Amino acid sequence: MATLHHHLLPLQRLPNSPRPPPPRLRLPTKPSRPHSRLLPRAAASTTATVSALEDFRRWLASHSVGDGGKAFPAAVPEGLGLVAARDLPRGEVVAEVPKKLWMDADAVAASDIGRACGGGGGLRPWVAVALLLLSEVARGADSPWAPYLAILPRQIDSTIFWSEEELLEIQGTQLLSTTVGVKEYVQSEFDSVQAEIISTNKDLFPGSITFDDFLWAFGILRSRVFPELRGDKLALVPFADLVNHSPDITSEGSSWEIKGKGLFGRELMFSLRTPVDVKSGQQIYIQYDLDKSNAELALDYGFVESNPSRDSYTVTLEISESDPFYENKLDIAELNGLGETAYFDIILDEPLPPQMLPYLRLLCIGGTDAFLLEALFRNSIWGHLELPLSPDNEESICQVMQDACKSALAAYHTTIEEDEELSERENLQPRLTIAIGVRSGEKKVLQHIDNIFKQRGEELDGLEYYQERRLKDLGLVGDNGEIIFGSPRYCF
C-alpha cells in the first residue's frame, strides 16, 4: 500500500539541500544563540535613510549608472524601488549596470575572500558571494560597495526570519517544514565555513560573524538575485535589484538581459527593461516568477498574492518497501520516468497532474489485479494504469487520498472560515497576512483534492474497468454491455 507524506519539495535553487521533514506540530526548542554582531542594530528598518539613499544615488552617478534620466531609486511602500523619471514605453531600457559593480563569483575571486579560499571555487556559489557580502559589510566605509550595502534591508519578511511565535501561525503547513529545512541547511553551511574560513581569517571578518549574519546574507541573495542569475551565475546587481514585483505584470518574457557593450562588446552590462508602459513618477515593476506558489513567494521574498493559481500543495507518494510487489512496482515506475517516491504539485481548481492517477493505481495494485505486474505486461501496463483497473483498485486510491487530506487538514490550527474572517481585519501585520494567505491556500487545495476523490468514489459504478475493456477488444461484449459467449469472430 502507498505511504503518503504531505511536505513541500525543497526549492530547486538550494543545491544538495536535504528534503525537509514532514510538518511538525511543535517547533523544536534550541538554545539561544548570539544576535548579529556584524549588522548595526540601528539599521533594523527595511527602508534606507534619506542620507544613505542620497549617497547611493551619488555612487551610481559616479559609475554612470542611471544617468540617462529614465529611473531613480526612491522610497516606496515596499521599502525601496525604482521610479520612472519620465514617461517610459514598454521595452524601454531603464538601467544598465556594468559587471564591475556586480557582487558575483568574479568579484569573489578578485577579493581577499577569494584569495583566502583559493579563488572561492571550492565553495558553493551562494556561500562564496554571501561571505563576500559579509566581509564587505565588515569593511564599512572602506568597501567599494559601501553605499550599496548601506541601503540593503536589515529585516526581511521571508519566513526564515520569523520568530518561533510567528512560525506557530503556519503550523501544519508545508511552508513550515520547508522553512525549518532551509534554516537547517544554512546552519550546516555556516558551521562548515565558520570552521574552515571565518575562524581562520579573522582579518577579513573584524567582527564576530554569527549564524544570524550568515542567514541575513542568504536571505539577501535569495530575495534579490534575478531568477536566471542563480547557480554558478549568481550575482547581486546593484540598482537593478531594487525593482519590485507586481501581480499585475503577467508577461512571461524576461525584463532583463546581459549584453556586451563598449569596444567589441567586451564590457558586460546588466540591462533592465520596462515590461509595460510606465508614467512619470510611477514605480517600475516586473514579474518575479509566474510559476512560484505562495509558499515559495513567502519563503523567497516575504509576500503572498491573492491569486488562486499561487495556491498549491505538493503531494508525495511512495512505494512502500514492505509492499510484497515492491520490486515489480519500482521497475514499472522507473520505466515510466518516476521512482520509489514521486511528487505532484496540485494547484487550486486545476486538474490533477497527468501521471498522478496512474502512479496511485500502481501503488494500490494487489489481489486479483496483481497479474498485471508480471513481466508479460511490463511494456503495456502504464497504458492500462491511465484508465481504471478495477472497482477495488479505484476505491483504494480514493480512500488513500481522502484519508491523507483529512490527516493533513487536521494539522492546521484554524479553519478556512476563521482565516477568511481574520483576513478581513484592518492593519494586520505583514507576517500574519502571509501566514493566513499560505495556510488558507493550502487548506483550499486539500479540500479541492478531497472533493476530486470524493466525487470519483461516488462514480465508481459508472466507470469502465480493465476487464470490460479487454472483453470489448476481444469482441466479447455487446453494445449494451452484455457478455457474448459465442462471438461470430471465433465461429468456424
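Numbers run from 1 along the shown chain.
Glycine too: its Cβ is placed from the backbone N, Cα and C atoms.
Automated prediction, rather than curation, is the source of TrEMBL annotations.
As written in TrEMBL, here are the features:
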- 1-44: region 'Disordered' (REGION)
- 58-289: domain 'SET' (DOMAIN)
- Glu78, Gly79, Leu80, Arg224, Asn244, His245: S-adenosyl-L-methionine binding site (BINDING)
- Arg224, Asp241, Trp256, Tyr288, Tyr301: substrate binding site (BINDING)
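Maximum intra-site Cα distance, substrate binding residues Arg224, Asp241, Trp256, Tyr288, Tyr301: 19 Å.
Separating the Cα atoms of Leu80 (S-adenosyl-L-methionine binding site) and Tyr288 (substrate binding site) is a whole-number distance of 16 Å. In this structure the C-alpha atoms belonging to Arg224 (S-adenosyl-L-methionine binding site) and Trp256 (substrate binding site) are separated by 14 Å. Ranking the binding-site residues Trp256, Tyr288, Tyr301 by Cα distance from His245 (S-adenosyl-L-methionine binding site) puts Tyr288 first. On the backbone, the CA of Trp256 (substrate binding site) and the CA of Gly79 (S-adenosyl-L-methionine binding site) stand 22 Å apart. Straight-line distance linking the Cα atoms of Tyr301 (substrate binding site) and Gly79 (S-adenosyl-L-methionine binding site), rounded to a whole number, equals 13 Å. Counted over every protein chain shown, other Cβ atoms within 10 Å are most numerous around Arg224 among the binding-site residues Arg224, His245. In this structure the alpha carbons, written CA, of Tyr288 (substrate binding site) and Asn244 (S-adenosyl-L-methionine binding site) are 8 Å apart.
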